[in-house]
Structures are given as structure tokens and as C-alpha cells.
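Undergrad: Sharing a structure below in C-alpha cells format, with a few things to ask.
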Amino acid sequence: MSPTEEILDKVGLFLCSVIVLGNLLILVAGFVNRDLRSKTPVLIQSLAVADLFVGVAFMAAFSIALSRQNLPSMVVDALYVGIEWVSYCSVMHLVCIAADRFISVLSPLRYPMFESRMNSVMLAACWILALVTAVISRMLPLHRLMKEIIHVVTYSATGLMFFGCYGYIGFIARKHRLRIQSQIPQQQTPMQNRATQVLMTVVGVCALLWGPYIGLMLYYLVHDEARLKVLEKVLVLPAIANSGVNIFIYSFMKKRFRDTLFELLPCGNHSSERRRGGVWVVQRTTQPPST
């Protein structure tokens, strides 16, 4: 292992630690606070679980690489099946969330009637399809080029569906916005700007973090013998970081979620906590001004 690769593995190990802690915070906060859990959609909760596993799986891979241990091939294969499974599952969750919002825009009146069942079906399909894809690409005796094709097709297909759904949502939102502005030229609420900013952040961040790695996979399809190990490690780090950014975009950027989470955290002398019926209750105390 070259010094550069060792540094990249250490950076990756630190990054995975942050990802695990961030997603664990979301899950624990939702577990101890019923109000916070009720405000978090099941798709976001499942995404946090998938991204938590991404951090754990890659943390194990980076730790093994740094320790330079020679593990049995069965253990290595199982680890990399797990890595591919949770990685596929994470990006497929983004597609599920995009599809959920796409359907809510396409059919807003009927959407509440089948939201719960639809989300359950999408989540089950997401975890199962990701596992099947990972097992096929890693365990079956396929040519390396075929494995790369499966890799690229999976990420490219999920990316196209992701951008397609959010592209349609953005188009409809802009259409409605222009219609409102034509009727009331001066009318533009901060909420409209906020929704546009969140939408552009979701699409832009995903493209920025995953784009270079997918581009390298496409390069491997054309140049099958070329293996740019250092560059691959450099480009996989932003893709892994997406598992830490996901929960920030979908949770912390929502004021209602953020306020509830911050109330759960210790606030010095300005808050007190007590447990009632299995729910953490945060009481604000206001001190009178000193004279």
C-alpha cells in the first residue's frame, strides 16, 4: 500500500465515523422522542438505516485495509457483498423518495389514500432488489467487464429515475410559480424560495458527489484493463459522503425536524428534561433578567 492510499484510507475511516454518528443520532432521537419520530417519514427513517450501514460497511473495509490483514476469501466476499448491498440500497432510497414526491405532485388528491402501502412496497423492493443485484455482481462467476456493466447500469438507472422525478417536480413547481406571478406580480413567498432551494440542493449535491465515480465506472467499461486504484479511492470518498449528506438534506434542512431535534439535545440551564409515558419532554425555563 502506497502512502497516498494509506492517507485516503484514514480519511475514509474518519468520514465513515462521522456518517455512522450522524445517522445514529437521527435514529436514536426518533426512538426516544415520539414527536420527532412522527414527523420523520418512514422513507427517511429507512434511508438513515441504509446510510448507517454504508458507514459501518466501509469503516470495516478501511480498517481491514489499514491493518493489512489477509482474511479468508469468503469473509472478503461477504464484506464486499454487504458494501455493494447497502450502497445500492442507499441510492435506491433516493429514487424511492423522489418517486414518492413525484406521485404526490402527479396525483395529490389520491396520494394520501395509498401513501402508506406504496411506501411499504417501495421499501421492501428497494432492500430486496439491492441485495439481489449485489449478490449477482459479486458472487456469480461473471467476467469482470460484466460486473462493471451491472455496476454502471444500476447506478445510471437509479440516477436517471432520480433526476427524472425531481426534474418533473421542478418543472411543475416553476410552472405554478410563473402562473402565480402572472396573476400577482409582486407575490413571492419565502416558502417558494425555500422549496426551490431544497430541490436544487438535493439534485445538485447528488450529481456532484456521485457523478465523478460513475464517470470512472464508464471509463472502466471502455478501458477494461486500466485500474486507477488511487483515483478510484479518491472518487469513492465523495460517493460515500453522500450517505452523510442525505440525512442532512432530508432532515436537518426541515425547520420542524430541526427544532424538535435541538429541543432533545442538552441546552444548559435553559432546558430541563423529564420522561413521561416513554417520551422525552423538554421544558423551557426562562430566567428573569438580573437587576
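Cβ coordinates come from backbone N, Cα and C, glycine included.
Automated prediction, rather than curation, is the source of TrEMBL annotations.
The annotation transmembrane segment is assigned in TrEMBL to 12-32, 44-66, 78-99, 120-140, 152-173, 198-222, 234-253. The domain 'G-protein coupled receptors family 1 profile' annotation in TrEMBL covers 22-250.
Structural setting of the listed features?
TA: Non-local neighbours of the transmembrane segment (120-140) in the same chain are 42-43, 46, 77, 80-82, 84-86, 88-89, 92-93, 95-96, 99-100, 147, 150-151, 154; each lies 6+ residues outside the stretch with a CB under 8 Å from one of its CB atoms.
If one looks beyond the transmembrane segment (198-222) by at least 6 residues along the same chain, the residues whose Cβ comes under 8 Å of a Cβ in the stretch are 91, 94, 145, 148-149, 151-152, 155-156, 159, 162-163, 166-167, 169-170, 173, 228, 231-232, 235-236, 238-239, 241-242, 245, 249-250, 253.
Listed as Cβ neighbours of the transmembrane segment (234-253) (distance under 8 Å, sequence separation of 6 or more from its ends, same chain) are residues 8, 11-12, 15-16, 18-19, 22-23, 26, 40, 44, 47-48, 50-51, 54-55, 58, 87, 90, 93-94, 97, 198, 201-202, 205-206, 208-210, 212-213, 216, 261.
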